[in-house]
Amino acid sequence: WGLMLLLSVVIYGSHAPLLTQSKVDGMIPFSSTCMVVLVELTKLVVSLLFLLPWDRELLGAAVSWRHVVPFALSALLYAANNNLVVHMQLFMDPSTYQVLSNLKIVSTALLYSLFLHQRLSTRQWLGPLLLGGGAAGVSYSCGGLQDPGSPSEMKLHITLVGLVLISVYCLISGLSAVYTEAILKSQVLPLSLQNLFLYFFGVLLNLIGYFWSSPEGGFLEGFSSWVLVIVVSQALNGLIMSVVMKHSSNITRLFIISCSILVNALLSVTLFNLQLTHLFFIAVSCIGLAVHLYYGLT
């Protein structure tokens, strides 16, 4: 578990730097929709491979349409959120998105407690709240990464429409995560089979989105070895997250995402020769305290 969670933190944290490395002349040369389709397809194939040793007749007898249909809504929620992220960039700057998107930590914790009937103690509630504040602080610090000696300061900007969209994003993010966890835990089917259903709908919905957008160029145009690394790492991380939600909880997932921001910041300093603000170290302390408050009690 320790190695798996650490790997997930590293993958989450390296995603943005890898995207930066894949740029050509400051632009991302490939279709993000194509990349998402390949990630979902990779997870689908891996899940299918894990099912090969199982008795097909036994699995077929245990599965009904009632097991499959709920995953369609889960995939739809994830697809909606992925597209919402793109549209939000029109109404706010990236730094504002980095900071405010951490509100999904609080929304997920609230929905987790409400819909899954998981009662948290007062001190455990302080964990996610501190986590949200610490993650926002790290995000603000990362958004404000400057070249050494740069006199400029980061200024946040968001419109009223952007504020509404970020609120909807955080709500859907929490709802999709909690809903998926509820499905995974309510069924006695093997996790690989549940993943097969989820990723099948994921591939289908994202392919529909790809053809709907009518992109120019070929499907794999602009892809490089960096993109291959991104696809494999994101697919692996998705499979790890399904294990976390099946056998642990969304709260653990939130801590993974928040800790990954630290990896992102350190990679930005190492690869791009940028410096952190003082707020970064305060925010790191908040995240460490949040981990202690939540997990130090059990």
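In case you wondered, yes, glycine gets a Cβ from its N, Cα and C as well.
According to TrEMBL, the protein has these features:
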{"type": "SIGNAL", "residues": "1-16", "note": "signal peptide"}
{"type": "TRANSMEM", "residues": "30-51", "note": "transmembrane segment"}
{"type": "TRANSMEM", "residues": "58-79", "note": "transmembrane segment"}
{"type": "TRANSMEM", "residues": "99-116", "note": "transmembrane segment"}
{"type": "TRANSMEM", "residues": "128-146", "note": "transmembrane segment"}
{"type": "TRANSMEM", "residues": "158-184", "note": "transmembrane segment"}
{"type": "TRANSMEM", "residues": "196-213", "note": "transmembrane segment"}
{"type": "TRANSMEM", "residues": "225-244", "note": "transmembrane segment"}
{"type": "TRANSMEM", "residues": "251-272", "note": "transmembrane segment"}
{"type": "TRANSMEM", "residues": "278-297", "note": "transmembrane segment"}
Leading contact stretch, 30-51, 58-79, 196-213, 225-244 vs the transmembrane segment (158-184) - CB distance under 8 Å: 58-79
For the transmembrane segment (58-79): best-contacting stretch of 30-51, 196-213, 225-244, 251-272, by Cβ pairs under 8 Å: 196-213
